[in-house]
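Below is one structure, written out as structure tokens; comments come after it.
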Amino acid sequence: MRIKDCILAIDQGTTSTRAIIFAPDSSIIAVAQQEFTQHYPNDGWVEHDPEDIWSSTVVVCRQAISEAIAKGARIAAIGVTNQRETTVVWDRNTGQAIYNAIVWQDRRTAKTCREMQDKGLFDVVNSRTGLLLDPYFSASKVAWILDNVEGAREKADAGDLAFGTIDSFLIWRLTDGQVHATDVTNASRTNLFNIHDMAWDPKLLEVFNVPKSVLPMVKECADDFGHTTEDLFGFSLPILGVAGDQQAASIGQCCFKEGAIKSTYGTGCFVMLNTGTKAFNSKNKLLTTVAYTIKGETHYALEGSIFIAGAAIQWLRDGLGVIKSASETEDLAKSLDDDHGVYMVPAFAGLGAPHWAPDARGAVFGLTRGTTNAHFVRAALESVCYQTSDLLHAMAEDGVSLDKIRVDGGMVGNNWLCQFLAGILDVTVERPKIMETTALGAAYLAGLKAGIYASCEQLASMNEVESSFDAKMPSSQRRKLIAGWENAVQSTLGYTK
């Protein structure tokens, strides 16, 4: 049976690269995944080898394409989604990175960002980008590479270096150096892009000391990003959609209307609220960012960023050996009648919104001789829900009210987590039928540009909810649990002072 107009979605994440091929009805034809090594050269530093990212991308794409073709699929286009903010600088002549990719979790430029803040530069950055002066974003990472790799500044000034987030690096490699481009969502996460003018900002380039010569061209999310070379997959494919992972997940969840909100639970957790065609400025340390630009119309989003979500479970598995697989966590959490006062604050890479404390470090409170592995697991899962509650509280302070939230990401296959989340948030939690919403969003963008889908309205009509979790927690219990969490967070912040 022939399946025409399939889309290959490349989902390049923090810990693995996935290739998923979707049929036009959004059903999955083929999936391939490969993890790659995380590098921690110093305290608070996180790096990836760009060659690991590239090789894993080629491997999973070839595997998925082979499987899909064997099933009679014809692939029409590629959509790309990626870990945002992670920064690569490479030589335009050789295509080789001059330093490892500095990952979004990396905190090495915290001092630089504090010094810039002390110089009164916060408003200069925030008013243009909607972001904060934080090492999370790309600008200070680019500057660090240019300042710390011998000869890099000279090469950049000569026009021999290119900077990009992971999407740009992959597009460069996929097109054999023919296209140096990014999309508006990834550009909006660099601290170099003016989200009101929708262009690279000369003042920000001056402030961060980043030369314009290294920057990629900025395109819409559903746009022409060039073609792959035939030698990669045996035939050339157009790259027609690009978005950062959280924006792609929002698109995959069909959050096209103002007020639609989703929360993605992967390595980190990211809550994104569509605020329509106007940028909404938070007074509670939430980020204003670009949700997407499609067919000339830009929508903005209010975003809360949590650095550690699924990464806490990964730490329990790989760092402490508490579990062998993430699949064990649901049964372990359910094995306890309550949390017994154990709280985990997973500030392994500082705390994100709404605290923005880059120097914070992780802690576990309430340990006794009776504490078991199950308590650690439950505390880790609960910490994700409490952090989400912090974000929604900040949104409420900004005047946003909601009665439901759409969730996605690898963690939400855990029913216990979804039910606890609904209780702590006091809202209905909706889980989609297709869990791969990040990759699906990239596929939707490519499909829109390819003409497979006519409009965002058509995509919204295809969206299906698999499960709903209603809030069942008594308000007194909710208040008690959140008070315990807030005490744990304040104790953690106090430790770092």
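Even glycines carry a Cβ here, placed using N, Cα and C.
Swiss-Prot lists Arg84, Glu85, Asp245, Gln246 as binding glycerol, and of Tyr40, Tyr136, Tyr292, Tyr300 the one it places in that same site is Tyr136. Among the candidates Thr57, Thr267, Thr368, Thr371, the one that Swiss-Prot lists alongside Thr14, Arg18, Gly310, Gly410, Asn414 as binding ADP is Thr267. Measuring Cα to Cα from Arg84 (sn-glycerol 3-phosphate binding site), none of the binding-site residues Thr15, Arg18, Thr267, Gln314, Asn414 fall within 10 Å.
Taking only the Cα positions, the spacing between Gly410 (ADP binding site) and Gln246 (glycerol binding site) is 13 angstrom. Residues Arg84, Glu85, Tyr136, Asp245, Gln246, recorded as binding glycerol, reach a greatest CA to CA spacing of 15 Å. Note: Gly310 (ADP binding site) has non-local neighbours Tyr265, Gly266, Thr267, Gly268, Ala326, Gly409, Gly410, Met411, i.e. same-chain residues 6+ apart with C-beta under 8 A of its own C-beta. Of all Cβ atoms in the shown protein chains, 18 besides its own fall within 10 Å of the Cβ of Gln314 (ATP binding site). DSSP assigns Ser16 (ATP binding site) to a strand.
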